[in-house]
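Q: What Swiss-Prot records for this protein is below:
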BINDING   His4, Glu178, Met179, Glu180, Ser202, Asp203  purine D-ribonucleoside binding site
BINDING   Gly20, Arg24, Arg43, Arg87, Val88, Gly89, Thr90  phosphate binding site
ACT_SITE  Asp203  active site, proton donor
SITE      Arg216  site 'Important for catalytic activity'
Amino acid sequence: MSVHIGAKPGEIAEHILLPGDPLRAKYIAETFLEGAVCYNEVRGMLGFTGTYKGHRISVQGTGMGVPSISIYVNELIQSYGVKTLIRVGTCGAIQPDVRVRDVILAMSASTDSNMNRLIFRGRDYAPTADFHLLRTAYDVGMEKGLALKVGNVFTADMFYNDEPNWETWARYGVLAVEMETAALYTLAAKFDCRALSVLTVSDHIITGEETTAEERQTTFNDMIEVALEAASRNDA
């Protein structure tokens with residue numbers, strides 16, 4: 001056991017999906033994994049391990065934001081030997097050509113979080129996805145005919161921000177805003193692991209367009225399938 005994960009050694013696979021919502025983890029396990037078994041209920045942050053097309057895969061809720069995902073990623077890697085981590089979550093678009101329900105593969109992540117500034121003593125670090133995971137996920141998306149976008153996302157420390165300045169980030173090509181990817185990529189690099197964020201555009205920050213519950217469910221499935229295929233095809 002680690003501090004926040006109650007799994008025994010060997011109960012967590014080397015390849016894992018990371019939704020923020022623990023109920024989304026439960027949905028993924030019940031819908032996509034065979035023989036899924038719950039290994040964690042600590043703090044209600046559910047975790048499961050099963051198989052996908054014969055490959056052993058885990059799924060673990062992480063909560064929201066940089067501090068929360070950092071706790072789980074640290075423990076998954078250091079205490080349980082996880083090697084491949086794929087975030088599956090939502091984001092808000094800030095580009096006019098990025099549409100609600102599109103799937104974004106986060107090639108890199110800008111951030112206003114101070115975590116990396118503390119680690120690198122005030123200098124800027126560029127959190128970046130694993131190329132092989134990114135390429136595989138892109139190929140899967142093309143095979144499925146999905147509306148994929150690949151590029152930089154912005155990891156925000158605040159969900160409610162009175163002065164977000166999205167226009168500046170959009171002008172520099174940032175596709176969307178979320179709250180975890182920069183931390184995931186930084187920690188994966190630190191521990192020589194592979195990481196990728198596969199994100200569904202659930203709303204458009206500039207236009208105000210949103211998805212319905214039914215539309216979210218369908219699009220989330222596309223995102224989850226891309227992530228599962230990327231994890232299983234990179235199972236070396």
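The backbone N, Cα and C atoms fix where each Cβ goes, glycine too.
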Q: If you count the other Cβ atoms within 10 Å of each Cβ, which of the binding-site residues His4, Arg87 comes out on top?
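A: Per the Cβ count within 10 Å, the most buried is Arg87.
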Q: Among the binding-site residues listed here, Arg24, Arg43, which has the most company in the form of other Cβ atoms within 10 Å of its Cβ?
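A: Within the set of binding-site residues, the most crowded position is Arg24.
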Q: Taking just the CA atoms, what is the gap between Val88 (phosphate binding site) and His4 (purine D-ribonucleoside binding site) in Å?
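A: Taking the Cα atoms only, Val88 (phosphate binding site) lies 20 Å from His4 (purine D-ribonucleoside binding site).
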Q: Can you check which residues sit near Gly20 (phosphate binding site), meaning Cβ under 8 Å from its Cβ, same chain, 6 or more apart in sequence, and list them in order?
A: Gly61, Thr62, Gly63, Met64, Ser68, Ile69, Gly89, Met179, Glu180
Q: If you pair up every Cα among His4, Glu178, Met179, Glu180, Ser202, Asp203, the residues annotated as binding purine D-ribonucleoside, what's the maximum separation in angstrom, rounded to an integer?
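A: Value for the max Cα separation, rounded to a whole number: 31 Å.
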Q: Using C-alpha atoms only, work out the spacing between Ser202 (purine D-ribonucleoside binding site) and Thr90 (phosphate binding site) and round it to an integer in Å.
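A: Roughly 6 Å, rounded to the nearest whole number.
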Q: Here's one to test understanding: among the binding-site residues His4, Glu178, Asp203, whose C-alpha is closest in space to the C-alpha of Arg87 (phosphate binding site)?
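A: With Cα distances computed to Arg87 (phosphate binding site), the winner among His4, Glu178, Asp203 is Glu178.
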